[in-house]
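> Dropping the structure in here first, questions after.
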């Protein structure tokens, strides 16, 4: 025995006897597992004495070390750090250098192996490879801890030679699979895949019987299947299916085939805040928004509308699944160490390559500074090793925002179209495995992003220098479209690096057109001044946006069907004609006429290519947020106030009984409700509500009392729903769903941007509350949403007005030029805005007092 071994033996003995003390002094709660009779057998050192006396604090499980993991959602018992493992690790290197061959295994003869253990061990060996100097793993690690009283003479090194312990922490950090967890997963997968066809068919029928809003009830939904499998399922043009995005939790991917090429479109899930305590889910697809995925599919299949402008792909033939979702997940997304060829395997090892359906692992919760601390996956120390931290980070997917795609379109930063080649970078292991894993088309994908703990995304400058970067996946191979938002690969990689395409290549030519629209005007003007006309404009020169200085409303040259060339303000015959036209149709028809005129004025509809070139943007909703869109903002302010005044004149001009005025009030309330709910026109909804809330109308007590008596439902609708909703809109707390909006509520934003030109109409919502700064910030934040979804408003307006046959007379009544001529005459319509509004406020006050004179205090 060497001198070092003697010192180690003395330290070991001192720890055994001095650290634990006398066994008789132990409390009864720490009594030995065996009776005191077993202590008399100290001289017997047979290797098959498994029932040895062991201390409760260092006891390890009997069978293979099946430590529970938080990702498996099993019990967390037994995951505490073992103090004996640290000691065993220090002497393991010395033992391997001294001994050339392994000692006999200390396996108790009376404990049988659990079923399927050999198969699980074979899978583990295939995944990790054999170790040359380490003996085979024994299924009984409990022989490591031997009672210190029974073997005081045996050196520590000899005991550890006979039963080499496993360093649980090191092999978990290195990404090696555990035998126990593989055994559990193998059994679970085998149980699912070995189900009888009758059982699978019955389970599929139960899924298809669910509610139609439940995605599982539709056969074209295939769950978590790999990208390659989905491409093989769509065989003909028009075939399509919906699957889960394997990297963006909660998102979906529409896979279809068009022009003999498989295309993938990502469906983003966003949370829309509709109030302080109410939120709902929206699914954004291209420039459209839907309440649920089945509505998206019904819309595109029923209308045969192309899913994207770039590809022109049309879907009409669903590819139905023939197995339940549980079976598909077991086939492609559950097995870690399974020997089935379809089981996905991570390139960086089986550990951490799969994610449970409703949970995320600790890697997804890392912040950027934690991820960039280390270079390699196995040797990373940025992650805390105790499993308690993993338990705390295994949160529900519904409780955290998506880390891979923005949850709101407001936070999206558009990718530069000038970079069309996307290089996907995956973290690779620091050392190659002893046994090479077979390449599989499914092994590249997995249900969890392939960023192992501590892998660091390299910067653009050093990304290509590393020896372990994986092959690049260009965007052009995934789809022919240059649109990054529509054709980004939803299933591979954690981060991407944009590489500029080579000038003259096909990718460069395809992206030049879209890049001109995305770049700022300053960059394009600078390029024009330095290099002349850009080559990517296909022979066209850059057109500077036109800064409009004159209003689009010109009452003097307005050609009318109802108004003569020269008219006076508030002509009685003209007012009677307008009242008759408004009474002939119902509130919904009026709302459609109003919405059509609004969308034409705001340039949501009827925008030609020439108009887009002159504006510099595609839609008016984006123009009104820009500096050169000032005239559009002023025109919308003019239209808002003119519309409110005309409706107020229509009510106050009713000189009949209070019942007639109450009926007219009721129809006006119905018009506001139709504009809000059916048409999604928040602009005219606010204008109609502004007319009802005018002081000259709200003071008509007899009219409102009659309304509550004769039209109770209208009065309740106005007081309980419409007024609170408008208040929430003005305070920036609530808004309609994007899928139902044709004209957003932009009046507060316009008032903020044009505060010097906006006519005073009472206190602003941000000036009469203590939360004024929050209200202003909410409206400025909403401006980003308005500018971003201009195409969505255009699509919604087209859908709601599809097949609508408008009457020219009603369209003229709701046009701004007609209203200006009606209210101020042919000459007064050209006067200044402030003067017109000031005079007409006095006219409305006079009409109101004529209907219901003010009660004098002496008459009370």
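Using the three backbone atoms N, Cα and C, a Cβ is placed for every residue, glycine included.
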> Test of record reading: of 63, 440, which one does Swiss-Prot tag as phosphoserine?
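Record lookup, Swiss-Prot, feature phosphoserine, residue 440.
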> According to Swiss-Prot, which listed range is region 'Disordered': 130-180, 181-231?
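Among 130-180, 181-231, the range Swiss-Prot annotates as region 'Disordered' is 130-180.
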> Taking helix as H, G and I and strand as E and B in DSSP, count the residues of the domain 'SH2' (220-319) in helix, strand and coil.
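Within the domain 'SH2' (220-319) the tally stands at 18 helix, 39 strand, 43 coil.
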> I need the most crowded of these modified residues: 278, 283, 793. Count other C-beta atoms within 10 angstroms of each C-beta and give me the top one.
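The most densely surrounded of these modified residues is 793.
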> Please average pLDDT over the domain 'Ras-GEF' (586-854) for the predicted structure.
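Summarising the domain 'Ras-GEF' (586-854) by its mean pLDDT gives 91.
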> To the nearest whole angstrom, state the Cα distance for the pair residue 793 (phosphotyrosine) and residue 283 (phosphotyrosine).
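Their Cα atoms are separated by 15 Å.
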